[in-house]
Amino acid sequence: MLGKGGVGGGGGTKAPKPSFVSYVRPEEIHTNEKEVTEKEEVTLHLLPGEQLLCEASTVLKYVQEDSCQLGICGRLVCTDFRISFLGDEGSAVDNGAETHFKNKIIGVNDIPLHCVDQIYGVFDEKKKPLFGQLKKYPEKLVIHCKDLRVLHFCLRYTKEEEVKRIVSGIIHHTQSPKLLKRLFLFSYAAAVHGTAADPRNCTVMFDTPKDWCWELERTKGSVKYKTVSVNEGYRVCDRLPAYFVVPTPLLEDDVKRFQGRGIPIWCWSCHNGSALLKMSALPKEQDDSALQIQKSFLDGIYKTIHRPPYEMVKTEDLSSNFLSLQEIQSSYCKFKQLFLIDSSSEFWDTDVKWFSLLESSGWLDIIRRCLKRAIEIIECLEAQNMNVLLLEENASDLCCLLSSLVQVMMDAHCRTWTGFQSLIQKEWVMGGHSFLDRCNHLHQSDKEEVPVFLLFLDCVWQLVHQHPPAFEFTETYLTVLSDSLYIPIFSTFFFNSPHQKDTNMGRESLDAQSKPLTLLTVWDWSVQFEPKAQTLLRNPLYVEKPKLDKGQRKGSRFKHQRQLSLPLTQSKSSPKRGFFREETDHLIKNLLGKRISKLINSSDDLQDNSREFYDNWHSKPTDYHGLLLPHIEGPEIKVWAQRYLRWIPEAQILGGGRVATMGKLLEMMEEVQSLQEKIEARHHRQEAIHVQAPGLLRNSARLSSLFPFAMHQRHSAKPVLPTSGWKALGGEDDLAKREDEFVDLGDV
């Protein structure tokens with residue numbers, strides 16, 4: 001693939017055009033030794049606790065653009081935190097680009113070790129994946145990243161010993177299994193001991209009973225549900241948080257009976273009193289007497305949550321009739337290959353069949369199915385006034401995804417900056433999602449690596465894309481949040497459970513002299529971005545919900561305007577037989593990975609009640625502070641272009657796209673506000689943060705449609721014409737006589 005696109009540099013004897021050697025000749029390196037030395041001495045700024053492991057000099061970082069090859073000469077280094085290239089940023093490749101949206105932790109030439117997806121070596125123009133010990137070392141290194149960057153390094157002019165050292169070091173530190181305590185996370189925490197900022201003033205962390213009580217009061221759920229501390233110190237279960245919420249009649253002994261399994265745990269309460277609950281499956285038993293004990297236990301739990309004042313319960317078994325983790329993993333592996341492009345030629349070679357490849361990956365359909373299931377759950381909560389109980393083996397994957405999606409759609413608070421971050425803390429971090437395994441940070445099991453959280457962010461992006469004014473944060477916020485999964489200075493996404501975090505951070509240490517380590521959370525955005533860059537994370541078009549006085553609040557306490565006109569279906573109870581079916585062998589078999597064949601084709605349509613609910617909602621004007629439903633028809637589910645296409649220059653629209661529209665809207669809003677201030681003659685009446693255009697957006701004609709990540713990327717000089725269509729246009733001479741044709745890529 002690399003050779004076909006002309007990426008093969010030195011050693012390319014078959015290439016008809018000049019190879020990379022013709023641009024950087026060995027004699028130039030020797031005659032300009034002083035200049036090269038000066039370029040190589042770019043300072044490597046190490047983070048606290050970061051250690052240099054290996055390095056190589058006279059490495060060329062290059063990009064491939066059809067017939068031209070441009071590169072930077074510098075050093076390639078590997079630390080216990082990242083791979084970094086130190087070169088002359090003023091070279092022709094960057095062309096004087098200003099980096100306004102700069103990450104303070106990760107530079108443009110830095111790759112966190114956890115962000116490396118695959119490493120390839122180029123041998124005689126053939127690209128091969130690199131694993132373990134090598135007998136022969138490549139002349140080029142190609143690194144595919146989990147944030148979908150593709151970086152090329154030429155090692156042709158590097159000393160042989162340095163090549164062996166840097167290649168072996170990178171392979172070892174990015175692919176070898178690791179122990180948790182050997183992660184850079186702990187080195188950094190020890191080096192900055194006690195200096196971590198506390199973001200609790202804005203984001204609810206849900207690590208104290210007070211936080212849970214506050215959430216119960218906010219959602220009016222405190223009448224039927226209570227906060228319990230039976231697991232304080234993780235005495236009952238290391239899978240659950242120290243504090244959580246259960247139905248009020250539930251006894252502590254019930255929680256202890258099966259180590260927190262088989263217990264309905266509260267997620268969120270609807271304005272009409274119904275609630276979203278989740279439950280993990282009981283242990284698999286073969287003995288009939290043990291199964292009978294489990295059934296009796298569940299019968300008692302079911303009766304507890306099925307009698308007044310609790311609503312009727314509908315169970316949703318996510319393991320038998322929804323997505324499997326294997327399906328998500330397989331689909332994303334196919335999907336991401338569409339964006340890991342090695343060259344411009346490769347991009348155009350796949351252009352004609354791109355949509356077919358996109359469809360065959362199934363990723364967009366998985367997103368649609370998640371949104372559809374969330375709508376069906378919402379219909380039960382909102383229209384049928386039923387409690388919904390989500391069932392899953394550990395209640396820590398698809399339960400997290402669907403419960404979070406439902407809350408984003410139903411609760412306007414979860415669409416605010418702090419509300420969304422608090423939601424992730426509650427449902428994902430405290431909910432026990434296995435970030436360490438699902439992101440494969442320790443490289444111990446590739447089978448466990450499943451992008452469930454990324455799938456959630458992609459679903460939220462669909463909502464942000466369809467209803468921009470409803471969210472206080474932007475798609476850029478979601479993009480950098482997805483990137484933060486692989487930055488090991490934040491504890492948020494590097495543990496499988498609160499118990500694992502507290503244990504390894506020393507909070508359960510019996511040594512009185514041993515102080516627990518303190519880590520940053522990802523929610524302290526000042527660690528990564530300056531205030532100017534942070535303005536791009538907040539939506540200037542978002543308007544806060546107006547506060548009502550007491551008289552107004554009484555009249556609209558439970559129903560917001562949109563739902564008053566929706567048909568309410570009579571509540572129907574779930575038959576008991578359906579409840580017990582989930583915790584037996586049938587549930588366990590599905591939880592262990594049984595693939596559901598042809599589920600995509602059989603689940604295209606919403607159920608009748610949900611379809612009526614969905615159509616009624618979309619027939620009325622949108623209340624951005626009320627219930628929010630996405631369009632889920634095929635064409636409405638789109639590719640998250642900013643995240644997936646941001647490193648591909650050919651996929652950009654220079655001076656166009658949504659960023660241009662946003663720039664014009666902000667200019668109009670600023671003008672209107674200026675006129676209002678002049679009329680009222682109150683120049684300092686209030687700060688205009690929410691309507692002030694970030695300076696970078698003022699000249700949108702200079703920006704890319706994939707701003708702010710691709711603002712100054714060099715665009716290919718080649719005519720925008722797929723290479724697969726060249727043969728149909730005749731020979732090369734005939735093609736040269738034709739005028740260039742412009743093909744509009746449109747909205748991806």
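Just so you know, glycine gets a Cβ as well, placed from its N, Cα and C.
Scan Swiss-Prot for phosphoserine across Ser91, Ser222, Ser319, Ser602 and the hit is Ser602. DSSP states for the region 'Interaction with MTM1' (450-559), grouped as helix (H, G, I), strand (E, B) and coil, give 53 helix, 4 strand, 53 coil. Model confidence over the domain 'Myotubularin phosphatase' (206-644) is summarised by a mean pLDDT of 85.
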